[in-house]
Structure formats: structure tokens, C-alpha cells
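Chemist: Attaching a single structure in C-alpha cells format; questions to follow.
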């Protein structure tokens, strides 16, 4: 597909009916880590986050930054190295342990008292805390509120039927003056079942528009050879910034 046409004429599907009943269990996500099917992990970090980092941080220091469905995202180390406090949640203990190992960070682990079976992993420096549990159980742990949320690979991974519940949790974690950066993918959902799931702008506005000003910072063509196996011929990533109304 001609790239110019992709950007100008790409179809926004009005809803996600075709994917709405798609469900992945937590066990299936854990199995992806075990079997190394983690194509969503970006070893060099996210290019658009790097590009718009100043817009996101606004030159502020000592921020609390939340990473939903964090995996072993290298960006967590970026923020910690800049003096910010990072909190993430991830269902895969393997993913969390790999993060600390690959970033050469020592850590402690202890049970999450409020969540049976859950664990919290903390860097020895104290500025990275990763909760190993379901995101939907996280509110029971009372993790406080955040100045920034970096949502890449989270909203697009949540089962479509859980999005409203997810958005409610995310918004409940925001402090006054928050900045929420969201990356989503645009493709033809009739050709690929997901995940990652297709999240149209109308859905984003429905989920977050009552509380947030929503601004699309950038759209980029991210189509690669691997995407042909999905049955699609284009995929566009969109970066949104949410701020307090």
C-alpha cells in the first residue's frame, strides 16, 4: 500500500465489534514469556517516547511514573536514571526478573499482603517497584497516585471487553496535573484478531474523554515484514497525550 495513501486515507473502523469477544487469559500471557513469543518487547525502547520525552516530562523532577503491563520495558530504567520513581505491574514473574537481570539491577522481593499469590520486586536503589499480579487486582495494594503514565502495549493488550474497567483504574491512579501518554495501533481488525488489538480514536475518547483532554501527537507507519503473517497490509502507530481537563 502506498504510504502517503495510508496516512491520508486509512480507514478508522467505527467500533471493534469484530474483536470484542476476543479473550486471552493471564496464563496465556505468561506462556508467551515462557515460549519467548514476546515480539512486543522493544530492546531499544520506544522511538516516539524518546522523541516526545520533553513534552511528556515537562522538565519536572522527582515524578512518579506508572507502567501498566510493563513487561521488561527498558524505558523504566530511563526514567529511574533521570531521578523519577517508577512503578509497574506485570503478570509474568519471568518478565520482571529478566528486567532486573538485563539492566544489572539488584532487587528484593516480598509478597503483596493484599493480593494472595502476588509479589513486589523492588530495586535496591528503591526507585523501581514492580508488582507481579493482575492489573485488575492492583487497586487492592493501594499503590498511590501518579504524575505520569506511559501506556504502550497495555491498552492494546487488554481484552476488549475489559477496556472500560481498565480505563477506570488508570484514571483513578492519576494525580492533579497528570500527563498520560498512550500508544495504540491502527490496522484492519477484520484481518487480524489481535492482540495487539485495534483501538479506534472514538473508543479512546469514550474511555478517557470525560476526564482528559486528548491530543494526537504523531502518527507513524510501523509496518514490518512480520506483520504480513497477520494478514494485514498496513499498521500505523498513534501517540496520544492526555492531560487533565
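Cβ atoms are placed via backbone N, Cα and C, with glycine included.
Pulled the feature table from Swiss-Prot, pasting it below:
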BINDING   29-40, 69, 90, 152  S-adenosyl-L-methionine binding site
BINDING   40  substrate binding site
MOD_RES   58  N6-acetyllysine
Chemist: Could you check the recorded positions 58, 152 and say which one's CB has the fewest neighbouring CB atoms inside 10 Å?
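Modeler: Comparing Cβ neighbours within 10 Å for the recorded positions 58, 152, 58 has the fewest.
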Chemist: Can you count the other CB atoms that lie within 10 A of the CB of residue 69 (S-adenosyl-L-methionine binding site)?
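Modeler: A count of 23.
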Chemist: Provide the number of Cβ atoms within 10 Å of the Cβ of residue 31 (S-adenosyl-L-methionine binding site), excluding the reference atom itself.
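Modeler: Other Cβ atoms found within 10 Å: 13.
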Chemist: For residue 58 (N6-acetyllysine), identify the closest of the binding-site residues 31, 69, 152, judging by Cα separation.
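Modeler: Considering only the listed binding-site residues, the nearest one is 152.
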Chemist: Should residue 69 (S-adenosyl-L-methionine binding site) be counted as helix, strand, or coil on the basis of DSSP?
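Modeler: Where residue 69 (S-adenosyl-L-methionine binding site) sits, the three-state DSSP reduction gives coil.
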Chemist: What does DSSP assign residue 58 (N6-acetyllysine), in three states?
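Modeler: DSSP call for residue 58 (N6-acetyllysine): coil, neither helix nor strand.
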